[in-house]
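Taken from TrEMBL, the feature Ca(2+) binding site covers PHE49, GLY51, GLY53, GLU93, ILE282, GLY286, ASP326, THR327.
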Amino acid sequence: MKSFKKLFTSKPKPHIPESSFKIGGMGSLKVLDVIPSPEDDSHKLKKAFQGFGTDEDGIIEILGHRDANQRKKIRETYHQLYNETLVDALKSELSGDFGKAVILWTYDPSERDARLANEALKSKKKGIKHLEIIVEMSCASSPQHIVAVRQAYCTLFDHSVEEDIVASVPPPLRKILVGLVTSYRYDKEVVDTDVANLEADRLHEAIKTKDLAHDDVVFILSTRNFYQLRTTFECYKKKHGNPIDKDIEKSGKGDLESLLRMVMLCIDSPEKHFAEVVGTSIIGLGTDEDSLTRAIISRAEIDMMKVKSEYLNIYKSSLDDAVTGDTSGDYRNFLVTLLGGKI
């Protein structure tokens, strides 16, 4: 439930020195150098849920500084200690965009994406934007992740994500998406330039004849490893004069063209794709909180520092400042925490 505690108290936020944190890789998530035990974290979370109101700051301080493996241990330990799931406890205590963000963050990443994919496929809203999560989990994640998402989807919903794509997405979009979600790409940096040149020509022919859902296009985009595909896109530009996404854009303005441009951007530069997701979610009238939440939660442990850099290149402003200026309250504090900022 919404907290009333802040109306009556002004409890100082817990202070942890910056030197106590570490950031892994290109992610923005700050994790403590010395992590409390899952038992300690579980007890503190339970305490945050008890009493008059909810201690949102305490929840942010714990979950906002734990990586996926640490959050998994907390989920397991909390369930063992209190005979209820942490997610159920959070659902009963939190609401709105803040609640949704914390719950999505608390899920295992594969379960999170499976639930987001199901929500998108069951949505009454139709169009390319609601399919972003399907493309992202297929083209901006590891092969192991998409397999884990498919397994989680089957466990959660008693049928496959492919079945739901076929049931809810019109052709020829479904052909592209089924190919992407069922692929298992090689994940090492192995490139054959001869193949790249041949397939660049094949893609050019498909674009020229407006046969964008040709079997060859689906095969190339859904089976080649990301390094191979990036080389293919480079060969395409050298041989045919334009970036491949620009030629697709010239060939038409329909959903298929939009979907393929999204696929190619996620493959070629996932950080640019997510920078644009953040930008379009906050620029203009209103805020698309669902897209903003998904982008930050999806990339906080992966490449958010690259996303921030790309955002600066595109919009000539700071992603952190944009998020801070367009959100408020506990929701803003949680997103800023995941972005590595201070609240």
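Heads up, residue numbers simply count up from 1 along the chain you see.
Placed from the backbone N, Cα and C atoms, the Cβ positions cover glycine too.
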So among the binding-site residues GLY53, GLY286, who's got the most Cβ atoms within 10 Å?
GLY53
Can you tell which of the binding-site residues (GLU93, ASP326) has the fewest other C-beta atoms within 10 angstroms of its C-beta?
ASP326
Within the chain of ILE282 (Ca(2+) binding site), which residues six or more apart in sequence place their C-beta under 8 angstroms from its C-beta?
ASP288, LEU292, ALA322, VAL323, ASP326
Fewest Cβ neighbours within 10 Å, where candidates are the binding-site residues PHE49, GLY51:
GLY51
Please list residues from the chain of THR327 (Ca(2+) binding site) whose Cβ is under 8 angstroms from its Cβ, counting only those at least six apart in sequence.
ASP97, THR287, GLU289, LEU292, LEU335
